[in-house]
Structure formats: C-alpha cells, structure tokens
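Straight from Swiss-Prot, the features:
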- 20-42: transmembrane segment (TRANSMEM)
- 98-118: transmembrane segment (TRANSMEM)
- 120-140: transmembrane segment (TRANSMEM)
- 145-165: transmembrane segment (TRANSMEM)
- 175-195: transmembrane segment (TRANSMEM)
- 218-238: transmembrane segment (TRANSMEM)
- 242-262: transmembrane segment (TRANSMEM)
- 274-294: transmembrane segment (TRANSMEM)
Amino acid sequence: MLQITLPTHVHARLADYARLLRIDRPIGTLLLLWPTYWALWLAAEGGPSFANLVIFTLGVFFMRAAGCAINDFADRDWDRHVKRTKDRPLTAGRVRAWEAVALFAGLCLVSFLMVVLFTNTLTLYLSFGGALLAFIYPFMKRYTHLPQLFLGAAFSWAIPMAWAAEANQLSQLTWLLFTANVLWTVAYDTLYAMVDRDDDLKVGIKSTAILFGDADRAIIALLQTMVVVILVMVGQRAELGSFYYLGVVAMATLFVYHQYLARERNREGCFKAFLNNNWAGFAVFLGLALDLAF
C-alpha cells in the first residue's frame, strides 16, 4: 500500500492550522449544528432533502472554522495574557495573521459558493448577514459587555438560512427558533466566559460573565428558562407531539445539571457545564426528529 510521509515541518504547519480552526475541538461545531438541524427538520416537516442536509452540515463545519480563524486574529494580542489561550498557534507565532485572515476568507468563499450553486435566492440574501455576523462578533468584546449576544446571532443565523433553503420562505416558527437559540447561546457562552473571567478582567476583555457578576448563575437560569418556554411555544404552534416534548424536558433537566456543575463558579465546573450543552441541543433534535418521523 502506498504511504505518503509528509516532511516534519509540513506536518507541524498542518497541525497548527487544524488547531487554529479547532478541528481538534468539535464542541463549537456541534453547538452550531443542532439548531441548524432543528430548522431543517421543522421546515421540511420531516427529513430534509439530502442536498440541504449535506450543504448545511458542511456549511456549519466551514463557518465555525472560519469564525475560529477570525476570532484568533481579533484576539491575538490579548490571548497571550489568558491562561486557556496563550498557546494558540496565532498567539504563539506559529501561524501568521494574514494566514488566519486568508483561511477565514477562503472558508467563507467555499460556503458562499455552496449557497449560490445549490440553494435559492432567499438563502443567498440571508448568507450575507451570516458572513457579516461571523466577522464582527470577535471584535465586539472590545466595545460591549454583550459580545455573547452577537455570538448568539451569529450562531443562530443558520436557522433562517436552513429554513429558507428547505421552504423558500420564513415563518414565525423560524424566528421563535432563532430567538430560543440566541438566548441559549448567551447562556452557555456566559458559562464559557466564566472560565476566563479573572484573566479577562486583567486585560480588559468584556463579556456577559463580567457584566452579570455575582448574578451570573441566576441570569443564566433565567435565560435557560426562557429557552425552554420558547421551545414549548414552538411545539404548540407546530403541533408537535410527545417525543419532541421529551426532548425539551431532557434539555431542561440538563440545564439544572449545568447549574449544579457551575455552583462554585470554578473553571472546571463551568467548562464542564459549557461542554454538556451539546447533549441539550442533541436531545431537542432527537425528540424533534422522532416526533416528525412517527
């Protein structure tokens, strides 16, 4: 069998690119994927077209990677002061700034071409908003304590795009899902920001974790409650059944677990709570898919 052995420096460079794009850390991709699938399945009232499933699965992967590249570009001068990020390839000098920008542009271009070639005009128009949100979010932490709100919009923009691709229109359900996901993103990314709060305070990075202060867990709980309420509204308006509501109950139960994990506000507990949100999103998707299938 033919084997190709890459030179050591090439292998090291590819590994740095993979770390820059978070190929080794799929949690962000999964958190973006589940709400996209919610929209695809609900807009199709069952299984979406195979083409849209492939396009949006790949699009989620590419745009999340693009977002990581531009985020590290924006934060390159701050990341060296934060324990969790000081060894990132761009901060450590193993990847240059222009390379991160080029990767962002290239991945956005590939995603845009998929939309142009395989979806409809409405989805194409919406894609410009998605690209803009992906670009501006990383810079918001310089100017506002609500960068998580911009991240929520960026992470939720695939919902109207997926809906438009499948149904060629948008509905009230689209925006209910969008709102639920924005609130959910703010909740789980606040948990993530609590991991870095002490370092962020030192270097002047703004976040909801800093804004909320000692009320952080209470506000996260409020956001989580609002997510569950809105998803119940989605179920009622879409006339969904027991499987869907079981998925929402599972999400609510996991939200309680997240509060337990973050009870002492330490790095490990908050990070575990953040990671566990993957299962909350999956639970809703599984319930929705089963409900529409049966």
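Just so it is clear, glycine is given a Cβ too, placed from its N, Cα and C backbone atoms.
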Please check if the transmembrane segment (175-195) comes into contact with the transmembrane segment (274-294), where contact means 3 or more CB pairs closer than 8 Å and the residues in each pair are separated by 6 or more positions.
yes
Outside the transmembrane segment (120-140), six or more residues from its ends: residues with CB under 8 Å to it:
63, 66-67, 70-71, 73-75, 104, 108, 111-112, 146-147, 150-151, 153-154, 157-158, 160-161, 164-165, 168-170
So if I exclude everything within five residues of the ends of the transmembrane segment (145-165), which remaining residues of that chain have a CB under 8 angstroms from its CBs? That is, six or more out.
31-32, 35-36, 38-40, 42-43, 48, 52, 55-56, 59-60, 63, 67, 115, 119-120, 122-123, 126-127, 129-130, 133-134, 136-137, 171, 174-175, 177-178, 181-186, 189-190, 193, 206-208, 210-211
